[in-house]
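To start, the structure under review is shown below, and the notes come after it.
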Amino acid sequence: MGKYFGTDGFRGEANKTLTVEHAYKVGRFLGWYYGKDHKAKVAIGKDTRRSSYMFEYSLVAGLTASGADVYLLHVTPTPSVSYVVRSEGFDCGIMISASHNPFQDNGIKVINGGGYKLENEVEKLIEDYIDGEIPEIPFAFGENIGKTVDYSMGRHRYIGHLISLATRSFKGIKVGLDLANGSATTVAKGVFDALGAKTYVIHGEPDGVNINSDCGSTHIEQLQKFVVEQGLDIGFAYDGDADRCLAVDELGQVIDGDAILYLCGCYMKERGELRNNTVVTTIMSNLGLYKSLDAKEIGYAKTAVGDKYVFENMMEHGHSIGGEQSGHIIFNKHATTGDGVLTSLKIMEVMLEKKEKISVLLRELKIYPQLLLNIPVVDKKMAKNDPDVMEAAKAVELELGDEGRILVRESGTESVIRVMVEAGSNEVCQKYADNVVVVLRQKGHIKA
């Protein structure tokens, strides 16, 4: 990770650690960098946070001042920006969002011309420019100043693309959607309605501050209750920028990213679509997923946490599906990043083609009890690398053996240490997680 850019772009609290000056300089640099030998063409999307508009204006000012033409997709999912960039010849795209974080935060994700997340070396150049380590970039003058275009059409093309990927009509299927008061509000219902589903929506009225607030994929209990109360066949919950999806079956049971990888991986293998007979996961995936994939004779790869790393592995080895437990799922044939609505459509495809309820299709997946603690710390690197913390984690690992595991890692987006334990029961998970938390507290790492 760099000084400003983490695993998922430049993220921070609006007007504190991420400012309009930062956004302006990002725009200035990108307009110059991509416009050295031609007039750069940049697409911008945003989520529903109040500050997203502020950052949009700053980015536009910086980009156009450097001579780039800017095309505004307005409120739209992150994957739609990737789709528009790669399918319509843009030099790069920018998504203004802090994903699943609360409304006070925001972020700037840059997507290169191939629709992929920006290369680390270019992120480093942007950081150097922000810090004044690169000479001042020249301004454009006269007719060379960039123009700004309303490009809602790009989002509508993305919606049409999603609809075209469905293999069957959804007619008669009752689907619940938790839109997290975020980017999915401009896309998801329209897609499901067009495919014939009976669509029921919650949290679809953004007001600038209610994004992710007790809703969406980080508060899946809301959708669980809704699906059961309304007697729905299935439900889908998205995060603020709709690049991740979790599902709920007809019984109200949560289908997380691991379950989605298992469901779709098995289905793709049956159809001869699982390249290299491999599913790409991250180190946070449940031990039960690996044992269940073993039982189906499906291989797997493990990467660092972040869909960026999942996609890099998929590209390097030619794998066709990968993702994270949190619901970032990448279908390499159709997308270059996690896409929540696309993931929903793929789950629907499995359910309709197999003619079974999702609860039935997942009955052979055995997930270990898992506890994940997010511990706010003073300095996440110092906490993670503290010898006593490492020793406590090692002791737990030895005691669990093959019957569980522990993972202690620093968050890529927050000042947090994540302690994850999997074991045979919730009580055992809590016991071993507490062993590490006690050491973190004793050593003064935990924020007061």
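Placed from the backbone N, Cα and C atoms, the Cβ positions cover glycine too.
Annotation source Swiss-Prot lists Mg(2+) binding site at Ser99, Asp239, Asp241, Asp243. If you look up Swiss-Prot, you'll see Ser99 marked as active site, phosphoserine intermediate. Here Swiss-Prot flags Ser99 as phosphoserine.
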For the recorded Mg(2+) site, whose residues are Ser99, Asp239, Asp241, Asp243, find every other residue on that chain with a C-beta no more than 8 angstroms from the centre of their C-beta atoms, and list them by sequence position.
Asp47, Pro77, Thr78, Ser97, His100, Gly182, Ser183, Tyr238, Gly240, Ala242, Arg244, Gly338, Gly340
With every protein chain in view, what's the tally of Cβ atoms within 10 Å of the Cβ of Asp241 (Mg(2+) binding site), excluding that atom itself?
36
Identify, among the binding-site residues Ser99, Asp239, Asp243, the residue whose Cβ has the fewest other Cβ atoms within 10 Å in this structure.
Ser99
